[in-house]
Amino acid sequence: SMNHTTVVEFVLLGLTKSRHLEIILFLFLVIAYFLILLGNIAVISITLVNHFLQTPMYYFLRNFALLEITFTSTFIPSTLYSLLTERKMISLPGCFLQMVLFFYLGTCTFFHVATMSFDRYVAICHPLHYTTIMNNRFCLQLVLACWAVSFLLMFPPTIMIVQLPFCGPNVMNHFYCDTSLLLQLSCTDTGFIEGLMLITLIIIIPGTLIVTTVSYGCIIITIFHIPSSTGRKKAFSTCSAHLMVVMIFYSTCIYRYIRPEQRGGQDSDKVLSFFFSVVTQMLNPYIYSLRNNQVKKALKESMLRAFSSSLRQL
């Protein structure tokens with residue numbers, strides 16, 4: 001038998017080895033994280049205080065905005081700290097915690113995207129029954145189901161990963177603790193866990209993609225029957241923006257995690273992970289919410305009220 005030293009921390013190589021590129025990436029990530037927080041906090045605030053935005057669509061968008069803030073906060077602050085200080089170490093418990101939160105919140109994101117697409121399908125394809133189907137109780141049940149099903153799916157494989165022995169090496173070619181890379185670093189056979197992870201990811205990613213694709217497919221068919229050309233153009237503009245973000249998000253995730261050789265560790269995997277974990281999250285609040293005319297109007301009214309209130313106080 002071989003003597004093994006128990007691993008107490010991991011080395012995350014980060015996005016690049018170049019110090020100059022690290023500075024550029026640090027600035028980009030600071031701006032991206034600021035836009036993610038600003039956009040999503042604006043969505044949460046305006047949909048809570050504005051009476052006209054108390055509808056199922058904005059209820060789902062508000063929950064999605066909260067999810068995006070928590071999801072990106074699991075890794076962006078630590079990545080920024082690493083880029084700023086050049087400290088690449090993360091403790092074993094810290095790595096496990098980041099992996100569990102990233103996996104869980106990332107899974108919730110897929111289910112929330114599918115839920116929002118279903119909501120738009122009911123609103124556009126069955127407008128007369130929309131308020132009856134998407135009542136407050138059903139909306140709450142859908143959101144709770146997203147969180148509960150995500151937990152049930154990710155719980156078995158993550159518990160198994162946390163119990164694995166790690167004896168060395170302890171270097172990950174990534175900027176956060178990735179599940180596939182953790183499995184590679186374990187000093188025991190992980191074939192069963194890898195199979196379970198693949199089955200779980202197939203249920204999560206292609207499963208929710210089917211719901212999203214079918215929903216938007218029905219929406220596009222319905223749009224073709226809109227008599228007004230202006231109405232069709234407006235609807236297509238909204239759907240195309242949504243589909244663009246969905247395509248980037250799903251295509252990068254599928255290629256990263258569901259492929260014949262998906263163990264990871266290449267530089268290309270970091271680029272893919274960066275796209276679905278940072279770029280799409282930065283676009284989401286502006287594509288889904290802040291470009292909406294109702295939200296724009298509500299934001300303008302809120303800013304005008306705040307400005308007039310400040311003037312009165314002066």
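Backbone N, Cα and C atoms are what each Cβ position is placed from, and that goes for glycine too.
Pulled from TrEMBL:
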TRANSMEM  23-53  transmembrane segment
DOMAIN    39-288  domain 'G-protein coupled receptors family 1 profile'
TRANSMEM  65-84  transmembrane segment
TRANSMEM  96-118  transmembrane segment
TRANSMEM  138-162  transmembrane segment
TRANSMEM  198-224  transmembrane segment
TRANSMEM  236-258  transmembrane segment
TRANSMEM  270-290  transmembrane segment
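With a cut-off of 8 Å on Cβ pairs spaced 6 or more residues apart, the transmembrane segment (23-53) and the transmembrane segment (198-224) reach fewer than 3 such pairs and are scored as not touching. Among the listed stretches 65-84, 138-162, 198-224, 236-258, 270-290, the one sharing the most Cβ pairs under 8 Å with the transmembrane segment (96-118) is 138-162.
The average per-residue pLDDT of the prediction over the domain 'G-protein coupled receptors family 1 profile' (39-288) is 88, rounded to a whole number.
Counting residues 6+ beyond its ends, the transmembrane segment (270-290) has Cβ neighbours under 8 Å at 15, 29, 32, 35-36, 39-40, 42-43, 47, 58, 61, 64-65, 68, 71-72, 75-76, 106, 116, 173-176, 178, 241-242, 244-245, 248-249, 252-253, 255-256, 296, 299 in the same chain.
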